[in-house]
Amino acid sequence: MPRQLSAAAVLFASLAVILHDGSQMRAKAFPKTRDYSQPTAAATGQDIAKPVQQPANQAPHQTLAARLMDGHITFQTAATIKTPTTTPVTTKNTPTTSPIIYTLVTTQATSNNSHTAPPLTKVTVGPSLAPYSLPPTITPPAHTTGTSSSTVNHTTGNATQPSNQTTLPATLSIAPHKSTTGQKPVQPTHAPGTTAAAHNTTRTAAPASTVPGSTLAPQPSSIKTGIYQVLNGSRLCIKAEMGIQLIVQDKESVFSPRRYFNLDPNATQASGNCGTRNSNLLLNFQGGFVNLTFTKDEGSYYISEVGACLTVSDPETIYQGMKHAVVMFQTVVGHSFKCVSEQSLQLSAHLQLKTTNVQLQAFDFEDDHFGNVDECSSDYTIVLPVIGAIVVGLCLVGMGVYKIRLRCQSSGYQRI
C-alpha cells in the first residue's frame, strides 16, 4: 500500500512536471497576438525582397502562415503585389475562371526604410491549429486599378531550411477574377506638316473687280470742252482746254459702222508729271484713259506721243492704241497753241482719237494764263473760203446794183 501511494505520487508529480513544461513551451510559442506590420523571419533567405510602396488607394492583401520548426515559430509574410499598368486605361477586375497561387517569402524588413509599411492582416495561432493545417485564405475584393507609370520588381526568395525541419509554406490563394479592360479612344497624333482629319471647306471666290465699261453712241454728238491742268509744285506745268472724242470700229473696213464716246470733263481726272524736256498729261475716266506726251525741242514744243484705252461694257471689249513719233500741235516755247477745228489721229485699226476747240500750253508759263496764240493751219483753211464766199457775194451784189442803175438811165434818155 505505501508503495502504491508512492508510485501514484511519483506519477502525479511526473504529470505535473510534464504539464508545467508543456504550458511553458506553449506560452513561449504563443505569447500573444502580434502586430505583423513589421514581421521578422528566422529563415536564412538569400534574396531580400525590396519593400514596395503601394498606391494609396489600394488595400494590401496578405496572408500569414505559421511555420513550426523544433518548437520555434517563424512567421512569413506572403504579399500580393499588384503591378500597375503603364498604359492610360481603366481596368476593372472581376473574378477569373482559373486560380493563381503565389508563394512568396518576405524576409525581415529593416527599420531604416523611409516609407511606411501598410498594415498587415493579423492571424492568431492557437493550440487548436493542427501542425500541418493551412492558414485561412484571404480573398482580395474587386477593385479598379488607376493609371500609374511606376514599375515594381518582385524578388521571390526561397528560404533554405535544415533537413531536419518541416516547412509549412505560406500559401496565398487569389480568388479567380476576370479582367475587363475598357480603353478610351486614342487621340490622333498630328505630325508637323500633316493633316490628320479631312476638312470639307467650301470657299467662295470673290468676284474679280471689273472696271465698269463705257457706253458708246451710234451717232456723233457735240463734244464738251474741259479744262485740265498739271502742276509742278505750285507752278503750272501743263494747261489744256479741249474736247476729246474716241471713235471705235469693230472691223478695219471703211464701211464698218462707227461708235462714239465723248469724254465728260466732270467725270475725268487730270494728272501727270513735269520735266525739263518731257511732260505728260494723263486723263483718267470710267472705262479708260487718254495720255498726251509733250516734248521740248530747242525753241519749240509739240505732242510727240498719244495713247488711249477704252473698255466697252456691252459686249465687253477693250480698244487700245498708241501713236509714237508724231509732231502734233507744234508751237514756240512760251506760246499757246490753238486749233478750233477738229483734228483726228488714228491710234490703231479699231481706235481713233478726235479733238476739237483745242488751246493748250506746256513748259514755260507766265502766271497762270496762256501765252501768245499760234493757230493751226486748218483753222485758216476754213476762214479763207468763208472770206472768199463773202467777197464773191459782195461782188455779185454790186454788179447787180450797177446793172439796175444802167437800165434806169437808158430809159430816161429815150423820152427826151
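Using N, Cα and C of the backbone, Cβ positions are placed for all residues, glycine too.
What Swiss-Prot says about this protein:
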type	residues	note
COMPBIAS	142-170	compositional bias 'Polar residues'
COMPBIAS	188-208	compositional bias 'Low complexity'
DISULFID	Cys237-Cys274	disulfide bond
DISULFID	Cys339-Cys376	disulfide bond
CARBOHYD	Asn200	N-linked glycosylation site
CARBOHYD	Asn291	N-linked glycosylation site
REGION	135-217	region 'Disordered'
SIGNAL	1-27	signal peptide
TOPO_DOM	28-381	topological domain 'Lumenal'
TOPO_DOM	403-416	topological domain 'Cytoplasmic'
TRANSMEM	382-402	transmembrane segment
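Features recorded in Swiss-Prot, as mapped to the structure shown.
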residue	record	Cβ neighbours (10 Å)
Cys237	disulfide bond	22
Cys274	disulfide bond	19
Asn291	N-linked glycosylation site	16
Cys339	disulfide bond	21
Cys376	disulfide bond	18
Same-chain Cβ contacts of the transmembrane segment (382-402) under 8 Å, 6 or more residues past its ends?
341
Rounded inter-Cα distance in Å - Cys274 (disulfide bond), Cys339 (disulfide bond):
23
Taking all residues of the topological domain 'Lumenal' (28-381) together, what is their mean pLDDT?
66
Secondary structure at Cys339 (disulfide bond) (DSSP, helix/strand/coil)?
strand
Spatially, and counting Cα to Cα, which of the disulfide-bonded residues is closest to Asn291 (N-linked glycosylation site)? Options: Cys237, Cys339, Cys376.
Cys237
Using DSSP reduced to three states, classify Cys237 (disulfide bond) as helix, strand or coil.
strand
Look up Cys274 (disulfide bond) in the DSSP assignment and report helix, strand or coil.
coil
